[in-house]
Amino acid sequence: MKKVLVTGGTGLVGKALEAVIKEQSPEDEQWFFAGSKDADLTNLAATQALFAREKPTHVIHLAAMVGGLFHNMNNNLDFLRNNLLINDNVLQTAHEQGCVKVVSCLSTCIFPDKTSYPIDETMVHNGPPHPSNYGYSYAKRLIDVQNHAYHDKYGRVYTSVIPCNIFGPHDNYNPEVSHVIPGMIYRMHQLVTEKTDVPENDKVFTVFGSGMPLRQFVYSRDLAELMIWVLRNYESVEPIILSADEVQEVTIFEVAQAVAKAFNFNGRLVCDTSKSDGQYKKTASNAKLRSFLPDYAFTDLETAINASVKWYIENYDQARK
C-alpha cells in the first residue's frame, strides 16, 4: 500500500489533486493532504513530526512561499530563505524516513532570463533567472540539484515537475500576492459587483503592463492528473515540463479578454504601461511529456477560465483573498 503525503495540500494544486484522487478512488494508495496547520515546514522538527505521524512512502511536494510578480520583486530574500528551508527539510526528512519517491513542483520562472526558445528541461541551469524573482527561482532550482545529489549518493528517485502558469479553483485571489489570472478574476469581480451605479459600458478594467507578454497556462485539474501520472509512472530524476502545447500560448491581454467574457463584462479594457511586464515570454517545450503521453488533451483556456470564474463566484465567501 502506497502512502502519499502531499505538502501544500490545501492550496490550488493540492485541492485539484484531492478532487482527482477522490474520483479515482485508488485501492492501493492512501493520500494525506497536509496544509500549513499540520506542520510549519520551515521548521525541521515540525517537518519530522509530520513524516513520523503519516509515515509516507511517496511525497508530492507542493509547499512553498509563493506570490505574483510584484510580491516577488519586493521580497526576494524572504522567498529565497523560506523556500530553501522548506525544500531542504522535506527532502532530507523524506530520505531519513525511507520515502521511495518524491515529486517536487518547480516553475518555468526558474529558467534563464536570457535564453533561446522554446525552453526545455536541459536548460534549467544555463544562466541566471529573471531578476524580478531570483530568490524564488534559485530556491526552486536547488531542488533539482538536491534530487541529483540524493540519487548520486543514495540512489533515490526524487524528481521534479516544471509546470507553466497554473490557475483554477481554490487559487489565491489576494491582490497583494496573486498570480495573473486569479488577480484579474478578483479585480473584475470587484468592478462588476461593487460599482453598480456606473453603467457597465462606462466601466474600465485595467490590465497591468502592456498586455503583450506571452504565457502558457495549465488548468490545475490537468496538472493534477499529470502529476499523478508522474508519481506512478515517471522513473527519472531529471525534471519534466508539464505545460500546455506551444500553440496554446496567449498574451496577457488575451487572458484579460477571456476573463471579461467569463464575467459577461461589456466595458473597456485598457493597459497600464507604467506597470512592469516581467519576462516577455517563457515559452516551454513539452516534447518530453508528449513522448510519454502524446494524446493527453489539455483543457482549453476559455473553458478553464469559465470554470474558475464560476467557482470564484459560487465560493466567494471562503475564497482566499
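Placed from the backbone N, Cα and C atoms, the Cβ positions cover glycine too.
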- [ ] Given that Swiss-Prot annotates GLY8, GLY9, THR10, GLY11, LEU12, VAL13, GLY14, LYS140, PRO163, CYS164, ASN165, ILE166 as binding NADP(+), state which candidate in HIS130, HIS151, HIS179 belongs to that site as well.
- [x] HIS179
Open item on the list: If you count other C-beta atoms within 10 angstroms, which of the recorded positions THR10, SER107, ASN165 is the most crowded?
Closed with: SER107
- [ ] Could you check which of these recorded positions, LEU12, TYR136, ASN165, sit within 10 Å of CYS109 (site 'Important for catalytic activity'), going Cα to Cα?
- [x] TYR136, ASN165
